[in-house]
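Beneath this line is the structure, given in structure tokens, with notes to follow.
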Amino acid sequence: METELSERSVSVDILINFDENQRLDYNLADELETRERAQVREYVQNIMRKRSYLDFLIDEFSSVSVAEMKPGLKNILRLAIYDMLFMDSTPDYAAINEAVEIAKMKLGSKTGDLVNAIMRNLQRDREKLPKPAFKDRNKLVATTFSHPEWMVERWRKRFGEREAFQLMQANNSRPHYYVRVNTLRTKPENFELRLEKMDVDAKPSDWLPYYYQIDSVQPFISKGLLSKGICLVQDIAAGFAPTVLDPQPGEKVFDLCAAPGTKSIMMADLMQAEGEILSVDISSERLEKLAESALNYGAENIKIRRGDVLEVSLGLADAVLLDAPCTGTGVLSKRADLRWRRDEEGLKNAVELQEQLLEEAANMVKRGGRLVYSTCSLEPEENMEQITKFLEKYDNFELEPLEDYLPEEVLAEEGKAYQTFPHKHGCDGHFGVLLKRVK
Ligand SMILES: C[S@@+](CC[C@H](N)C(=O)[O-])C[C@H]1O[C@@H](n2cnc3c(N)ncnc32)[C@H](O)[C@@H]1O
């Protein structure tokens, strides 16, 4: 119980910090063991995936509304309800006791009593819990599926209700994970032998070479395969952008907005570390991760530069990847917190920044060179609408067909773009196009 208490209590700290600073800081779990840190992530991500519904239940069983609660109490209750209703391994009494102890420890004995009273109320009605019944359809759907109302409204309009439900259900499910073999460090056949020895289920992908769908990244961490650079954890759809850019050994490549760097690492492998990749990002913290990965993965042709793409002067490249900052609505099952950090204003700002970044990136492509624009968003404004606007303004770029690189089922825009959806493709939602500079 001692360690479980600390897992829960650290999870509460992370949730409180998120409410106060809009930042998910897993460093708060650094003192825990690997397995416990994994449990903290599970708690935090699952609570993010069910947040509106948990808040609805708090409102039903507490005399103080969620809106009036301080982050401490609110997040202890979210965790306690999640524990009681969704963690099969936690008996009701343990869910209540643990929450009461955390409340006493963090907020005093009175709050402990309040948590106890609210949780006992809920336990009494456990078999016939109230269901959200708001007249406002967006609010009802948003509470049931725990997504923000603005997102629900736009997805219901765009996809229709049935498909919007499927998408939100996929966002609330445990995501699929993939690893990609790093051929700079091992041969694919040797990697398969390792997998056999490790006795893990890993299904090779039909879509791209060297990718395997896995159930959990844990064995790959514990056997040191990531730290030794043997394979990279990367969603298969995240691999589409480097695949269609198709960097060749000896070329000069710019990876703009590169950190934490999985696409730079993959490109180094595609180039067999010959030629040059200049990886640029505005965030030094994220670039540190890239630098560490480049060492681990033997990506010796990566050079790192901290800078704002809107200001740096880099010269010209054969191939440029702009993996633009975006709302991330395609990766909500892995990054459940993102849904609570985004709003319509944020979408508008992202679109404006992407437009400027795309113009700068285009100026760095030499004549005859290639430019890939990619996002992990599902929103048309960040994706094809961005490209249409760009092509209306610049007649020196043309869209290239992608059928030679990617499977048909992920292609959109008559084969001139790719777009995946979590509920249709079983991977993250990514978009991308390949543009050629023709004059
Ligand atoms: C989608 S992430 C990139 C992910 C990365 N390509 C990868 O595969 O690991 C977007 C990145 O853009 C960076 N960024 C945002 N605005 C930028 C700017 N004006 N100049 C350079 N980098 C920027 C962020 O720091 C962030 O690391």
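All positions are counted from 1 along the displayed chain.
A Cβ is built for glycine as well, from the same backbone N, Cα and C atoms used for every other residue.
A TrEMBL annotation is a machine prediction, not a hand-curated record.
Listed in TrEMBL for this protein:
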ACT_SITE  CYS376  active site, nucleophile
BINDING   ASP281, ASP308, ASP323  S-adenosyl-L-methionine binding site
DOMAIN    167-438  domain 'SAM-dependent MTase RsmB/NOP-type'
Distance in Å spanning the most remote Cα pair of ASP281, ASP308, ASP323, given for S-adenosyl-L-methionine: 14
Pairwise Cα distance for ASP323 (S-adenosyl-L-methionine binding site)/the residue listed as 'active site, nucleophile' [Å, integer]: 9
Chain-internal residues, separated by at least six, CB under 8 A from ASP281 (S-adenosyl-L-methionine binding site): CYS257, ALA258, ALA259, LEU287, LEU290, ARG306, GLY307
Residue with minimal Cβ packing [other Cβ atoms within 10 Å] among the binding-site residues ASP308, ASP323: ASP308
